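J.: Below are the features listed in TrEMBL for this protein:
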BINDING   D52, D54, S56, F58, E63  Ca(2+) 1 binding site
BINDING   D91, D93, D95, K97, E102  Ca(2+) 2 binding site
DOMAIN    39-74  domain 'EF-hand'
DOMAIN    78-110  domain 'EF-hand'
Amino acid sequence: MAMTDVLNAEDIKKAVGAFSAAESFNYKKFFEMVGLKKKSPEDVKKVFHILDKDRSGFIEEEELKFVLKGFTPEGRDLSDQETKALLAAGDKDGDGKIGADEFATLVAES
């Protein structure tokens with residue numbers, strides 16, 4: 001499944017482009033711009049599984065660094081600081097990774 005099966009390609013392009021500058025990533029604005037916030041819980045879960053590249057059932061810190069690339073190959077890598085901030089926002093149980101329910105909460109809170 002491709003990200004464009006769930007989200008509008010034009011929305012993805014605009015959202016990724018808005019955060020192309022280093023240290024500019026804001027997950028709340030990004031999830032809203034990309035249209036994820038308006039999606040059903042099932043669609044949010046589909047996006048989670050696309051971003052979970054190693055199919056572990058979690059999005060680990062290494063995968064978070066490439067979260068924008070998960071939406072489009074043109075996306076940039078997040079900086080270490082941006083990655084850690086995103087992990088801290090999403091990792092509610094403190095296990096160092098983001099599960100599907102934590103991801104859904106992260107999107108809903110944005």
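For all residues, glycine too, the Cβ spot is worked out from N, Cα and C.
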J.: Counting only residues 6+ away in sequence within the same chain, which have a CB under 8 Å from the CB of K97 (Ca(2+) 2 binding site)?
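T.: S56, F58, I59, E60, E61, L87, D91 - these are the non-local Cβ neighbours of K97 (Ca(2+) 2 binding site), listed in sequence order.
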J.: Around the Ca(2+) 1 site (D52, D54, S56, F58, E63), what further same-chain residues have their C-beta within 8 angstroms of the site's C-beta centre?
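T.: Leaving out the recorded residues gives L51, K53, R55, G57, I59, E60, K97.
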J.: Give the sequence-ordered list of residues that share a chain with D93 (Ca(2+) 2 binding site), lie 6 or more positions from it, and have CB atoms under 8 Å from its CB.
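T.: The list for D93 (Ca(2+) 2 binding site) reads G99, E102, given in order along the sequence.
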J.: Could you put numbers on the helix, strand and coil content of the domain 'EF-hand' (39-74), residue by residue per DSSP?
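T.: Per-class counts: 20 helix, 3 strand, 13 coil.
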J.: If the Ca(2+) 2 site is taken as the center of the Cβ atoms of D91, D93, D95, K97, E102, which further residues of that chain fall within 8 Å of it by their Cβ?
T.: F58, G90, K92, G94, G96, I98, G99
J.: Tell me, if you would, which residue among E63, D95, E102 (binding-site residues) has the fewest other CB atoms within 10 Å in the structure shown?
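T.: Taking E63, D95, E102 as the binding-site residues, the minimal 10 Å Cβ count falls on D95.
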J.: Report the same-chain neighbours of D52 (Ca(2+) 1 binding site): residues 6+ apart in sequence with Cβ closer than 8 Å to its Cβ, ordered by sequence.
T.: F58, I59, E63
J.: In angstrom units, rounded to an integer, how far apart are the Cα atoms of D95 (Ca(2+) 2 binding site) and D54 (Ca(2+) 1 binding site)?
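T.: Cα to Cα, D95 (Ca(2+) 2 binding site) and D54 (Ca(2+) 1 binding site) are separated by 17 Å.
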